[in-house]
Amino acid sequence: MRLGQPTDAIRPPERFDGLAGALVEGSTRVDYSRPYAVLGGPGTGKTSLLISAARDFLLQGGSASEIMFFAPSKESATAVRAALYQRMAGEGDYAASGTFVRSVHSWAFAFYRSVQTLRGQKQPRLITGAEHDMQIREILRGTEEDGNRYWPTNVVPALSYAGFAQQLRDLLLRATERGLSAQQLQQLGVEHDRPMWEAAGRFQQEYQQVQRLSRSESLNASELLHATLAAFEKPEGEQLVEQQREKVKLLLVDDAHNLDPASARLIESFMVPGTRTLIAGDPDQCVFHFRGADEAFLDSYSQDPDHRVVLSASHRLTPPAAQSVNALRRHLGAQPSRVELRSADSGDFTSGGSTGAETVQVTITPTETAERLKIVDVVRRAHIEQQVAWDDIAVIVRGTGSIARVRRTLMAYGVPVKVDPTSVVLAEQPLVRMLLLAAEASYRPLTVAEMQSVLEGSVGGADPVMVRRVHRAVALAIRSAQMAGQVAGQAAGQTLRAHEDGRPFQAADYVTELLNHPEDPANQWITSHCGPREKEVIQRVSTVLEAGRQAWKNNQGTEMVLWKIWQATKLDMHLRAQALKGGSLGAQADADLDAVMSLFDILGDFAERNPHAQMESFVENLRAQKVPTGGRDQRGVRAGAVEILPAHAAAGRQWKVVAIAGVQEGEWPTGPTVGGLFGQLELVDLLDRGIDPSVPVARINDAIEEERRLFLLALSRATDSVHVTCVRNSGDEALVPSRFIAEMGVEPTELATADEAEGAEEAETSVGRKVSGSGAGALPRVLAIDSLLAELRDAVTDPNRPGHERRAAARNLAKMARAGVYGAAPEDWWGTAEPSTDARVLAGDKIRLSPSKLESWNTCALRAFLDSNGGVSESTEAMRVGIFIHAIAEQIVQGMELDEAQLAVREILPHVLDGPAWKNTQTVERWEGGVNKLHGFIAGYRDKEFELETERTLRARVGQTPDGVEVTLSGRADLLATNPEDGLTKVIDFKTGKTAVTKNAAAESPQLSAYQFLLPLNERSGGSAQKYRPGGAALVYPGTQTKTITERNQAELTEEQLSGVHDQLMEIAPVTAGPTYLATPNDGCRHCDFKTICPAQDEGNQVI
């Protein structure tokens, strides 16, 4: 197996001199009666010295079993092992039966398991922080359900809150780290009048009782250390410790400043006089006090100057970075052993000098958007100009809340991104969330919102537009079922459904019903109007969900159920191929695959502990975990992506280029942490410093010191360059750069606001800060293809730019076009390419006009064209109500009684509406009255024995255009009423709007005039050769608020007026055929669906 070097692998210096060199070599002239403390700032080689000591020990014939190397975490242990293997690679063959480089908890687990085996006890199991948090929440939930037994009454309503469980967990961890038992915690609560401590102690007792009932001994990290220390006091433990002490010849401790008291006691168990013991650390980098870290262990062994090595040459930092770190360290509390850092390549750097703008940069931006764009530019320039690999670049933020915004911006510019796995809760990872929903579908129906998430997620693969298409097609099927089954009076209770509260199912409800019960024959009609693409989406989701259901029905176990679901998604090969391609999409695919692997890891552990547990238990268990868990140990695999991580996660790591974002006052430093509901800090002060909880303690200075150390840690992670960004602006929520910016000793560059940038080029302001601007506004330039193309094209097409700028931009665009960059050549630009066709828009070889569209062609030709050619395809509620009322009118003409029409309104109309219940009720009541008026209106004609025809199609040839294209006019009249006395026929068009047009507008209506024009050109129904004789027309509004039906009439047209209609039709005909359509502003523009592509509107005047 080949062992690769991780991105942040330790690179040891060639050699160490003086006492450091003697300790590495294991010189016999050195006094090993006491441990040696190895101190030094960032990158000075503390870890490298320990690695070199281990390497030399092995090369001198020592055995791996004689070394104990304590690393602060499993990630650090992996990096140390990789560096050690790299150093040993050229030294001949080397083999060992096990690793001697472990985290403190790994050593503790190994020893505790050995003691338990010797004692014949059940084996321990180390649980994650997320599992511990979940177990605490389960007991709290049980307490809330069963009745409060010991919590103060004022906090009982908060027992189910995640924040309550988190604060309780933090308190218990701090108590456990200091060896405080549940009974002792209760006693302290009584003694110091702290009822929350007393209740927490009783909770701890209950928690321990629950754990004892399990088949394995489940321990969190703090409990493991104390269980191990307690086991060492047993005869078997004492024997094991003694054997290890006799065996160990070299004991190494890395990053000792981050050890908690229990970890320190564990290490001290193996420290004996005469054994070479090296303890490395830096008190200035202790940033985990909130986790119980205490530099007291390191300090206790660094007091003796004869047993202390201080390293001052940083092999990581550039000279400017070393100077900035030195400047920042001067603001920390006094440390007797602290010395000024110097770059290993530059000698002493304690005095002034260049700030090294190229390797340490501070940029102040006017907006948060500008800050993120600056970060993108830094990252892309490092990769493109300096050839820095993506995985040698990191973006460090103060907390996890800032990660999402930075990630979105980087990915938008094609930067592959990796997010620290400890920053994301696994169940909230998008692909895992979808798989959990699919797993839930195996034992319960999903809700509409959940099914929508599945459709739009990785499982369904549909975007919101496709989901709307599916819903639109289902809505058509619903309306078809309504009209076919209910307008005719048929019962449709088995087809159309409603919620328990009486609300009718909408399209999304039917899609959910279909996917929850795909085998139900009564659901097959739902997809009757779906096209191939819509059916493909539904089938894809159905296949995945059905795979899980079948596995669950066959009792195949939780692991197999989830595995069948994953196989059915067919995402494995797709994500694998995408991950191997790299880039931003590849980085996302890589993260998705990691998340799925972690999911199956957790499921495997769960199934092993609970072999008979159901899928429901696992999903509930995973969803209950609100604390992020680390991802799989990838053993040094390089991700090929820029990592975004919180500052604490950067401890012990390094990259070539680092950007530190969001260094704002109030965020970095953040406000001081208080003891919270449980008084955690007061408990720590009592146990560590003997301060009574009733004594007020000022914590602001300690909090600022901790934040300053955290910023120092972030600042010292880069080997080549570090870029710090922040925002300065004014307003209601003004943002101010952090005080740490000034403490760095680096002059910041401040990007100008749009106002400041006007005409400013490297201007000096009155306060002496450097302001950069180009007059283009407050957003910085980004080294990216899209941004560069936009800037060059803007310069070329701007007539106000100087000629030399336009020519230079044109030359650069030409170079890019020759290189094959899409968008550089003018023929790729929208609006510059020739039209795809200049042919007219004809229906076959004719121009077909419709009476209902004539007014819109007169008003705005562009909107009429887009409406007529699929521009608006979504069905609105008003359109559906119109279709329903016209169907009711047709049925009334055919003999439907008033009570039947009213029943149809009450039973069918709610299925057509999609508004809130109160609004739907109002609409139904309005149309009950409207149908009453409509029935009376039609009955009036029937009583007078008028001949009534509904939905009568009228068509005629109008004429021929000068170039020989035939023009036809056709339309469907809602109602034709022919008077038996004079034989005149009146055209009636029903309108469902709430407001009627004016009488003058109706008298001049092009639609009504066109119908009157058609009448004498069409034969009457019944096989008669007799033509219709126009007797006027009317717009009828049954839905207005008037007591009687509203009717707007147009008088019978004369021959001269009909001739005028003919001329108007011939004028409109060529307009409808295009190929050019005029956009005309009018009152209807406020409600137009095409404003964003209309050149007559501000929203759309730059589309082309």
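Glycine is no exception: its Cβ is also placed from the backbone N, Cα and C atoms.
Nobody curates TrEMBL annotations by hand; they come from automatic prediction.
The stretch that TrEMBL tags with region 'Disordered', taken from the ranges 523-543, 628-648, 754-774, is 754-774. Classification of Thr47 (ATP binding site) by DSSP places it within a helix.
Ranking the binding-site residues Thr44, Thr47 by how many Cβ atoms sit within 10 Å of each one's Cβ puts Thr44 at the top. Mean model confidence for the domain 'UvrD-like helicase ATP-binding' (19-318) is a pLDDT of 87. In this structure, Pro42 (ATP binding site) belongs to neither helix nor strand by DSSP; it is coil. Annotation for Pro42 (ATP binding site): same-chain Cβ neighbours under 8 Å, separated by at least 6 residues, are Asp282, Gln285, Ser314, Arg316, Leu317, Val325, Leu341, Leu712, Leu713, Ser716, Arg717.
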